[in-house]
Amino acid sequence: MTDKRKDGSGKLLYCSFCGKSQHEVRKLIAGPSVYICDECVDLCNDIIREEIKELVPHRERNALPTPHEIRQHLDDYVIGQETAKKVLAVAVYNHYKRLRNGDTSNGVELGKSNILLIGPTGSGKTLLAETLARYLDVPFTMADATTLTEAGYVGEDVENIIQKLLQKCDYDVQKAQRGIVYIDEIDKISRKSDNPSITRDVSGEGVQQALLKLIEGTIAAVPPQGGRKHPQQEFLQVDTSKILFICGGAFAGLDKVIGQRLNTSTGIGFSAKVKGESEKATEGELLAQAEPEDLIKFGLIPEFIGRLPVVATLSELSEEALIQILKEPKNALTKQYQALFNLEGVDLEFRSEALTAIAKKAMVRKTGARGLRSIVEGALLDTMYDLPSMENVGKVVVDESVVNGQSAPLLIYSKPDAQVSGE
């Protein structure tokens, strides 16, 4: 490599590609009788990157996984929710098959199938969407429906969702149009009341109306910097009909709406059949019977429900399922903490009764799988604080008493004569 000096013969050196002298560039790289400057190297890299981007969609189309393959991958990361995984696998496969073959097949227009996930907090709605996007290697972004408002009001515009998706793929419109958008807390934008009000519902029905076109498919004009504060900027045109929208929510109280409908259909008065405690359906069983009319009664407008034709319900996770979640998935929580401790050169062991205690705590808190990390973090906090300052610790053992806060983890030292229990 040469610097900005003449060579041994006193001759001024020039880039063989752009013709700039060594005084006009930062570096010249020498080859056999040729030179290339740093600017030309950067330009070559940009050209190669652009060509690779053009090849990616073709490669993705040829590698579209089958519903069985999608389901198998979800099984590696998500415990339970078998029906929801099957529904998602088919819907995602059909969506990307539609993109691969265009919007029509033999003259038949293929409709867009967005997805609605209904299930309690911590049941795996967000994890399913994230895992799908990661497996398919497509851009993914999340939005919180509670922060969205109608255009012109304080809050996020619905177009900001697409702007976030563009950010995830460096404003590559073609790549963004193959992405997945997950809108969480969709139940929180339900209509506040069935009765018309003088006060405009800018965060409820108004947001549903604003989301309609975006979810169904429209050409969204999105500024690179987001918002409407810079109208002079050139807007990016994004076709949202190619983006898969997955909406999720807990829909607290929907089970009661469904229960009322089912009870009404069994008769009233003396002809009504009174069910015993053993015959009463669980919340998960009721949610699985959700119909569009129930969602309308809950507060979603009919047009919005029509844009989400694929509905999958997730049941509340049992204690056994939570124990499986702790130890079985590829990125299970216990495996994550074991990897963290291994970075300190220490083994970490969770005894079976400890996993049961963690699951029981999560059940009491009603936080589902989402609450598992905070419980494990609380049990290991003091140990993780002290461990980097300690020497000769070879293993840390967590049992039920540690999870319940009755004792500290058992520390096993690498020296045989130095085994102690927690302080």
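Even glycines carry a Cβ here, placed using N, Cα and C.
The model shown is predicted, which means the values in this text are computed figures rather than measured ones.
Swiss-Prot lists 2-56 with the feature domain 'ClpX-type ZB'.
Cβ neighbour count for C37 (Zn(2+) binding site): 24 (other Cβ atoms within 10 Å of its Cβ, all protein chains included). In the three-state DSSP assignment, the secondary structure recorded for C37 (Zn(2+) binding site) is strand. Annotation comment: Swiss-Prot describes C15, C18, C37, C40 as Zn(2+) binding site.
Residues or ranges marked as ATP binding site by Swiss-Prot on the basis of sequence analysis: P120, T121, G122, S123, G124, K125, T126, L127. In the three-state DSSP reading, K125 (ATP binding site) counts as helix. Within the same chain, the residues at least 6 positions away from K125 (ATP binding site) whose Cβ sits under 8 Å from its Cβ are L117, G119, D184, G248, G249, L314, listed in sequence order.
In this view, C15 (Zn(2+) binding site) is surrounded by 21 other Cβ atoms within 10 Å of its Cβ, with every protein chain counted. In this structure the alpha carbons, written CA, of L127 (ATP binding site) and C40 (Zn(2+) binding site) are 44 Å apart. Every protein chain shown contributes to the tally, and the Cβ of G124 (ATP binding site) ends up with 28 other Cβ atoms within 10 Å. With respect to their backbone Cα atoms, C40 (Zn(2+) binding site) and T126 (ATP binding site) stand 44 Å from each other. When the alpha carbons of G124 (ATP binding site) and C15 (Zn(2+) binding site) are compared, the span between them is 57 angstrom.
Looking only at the binding-site residues C15, C18, C37, the one with its C-alpha closest to P120 (ATP binding site) is C37.
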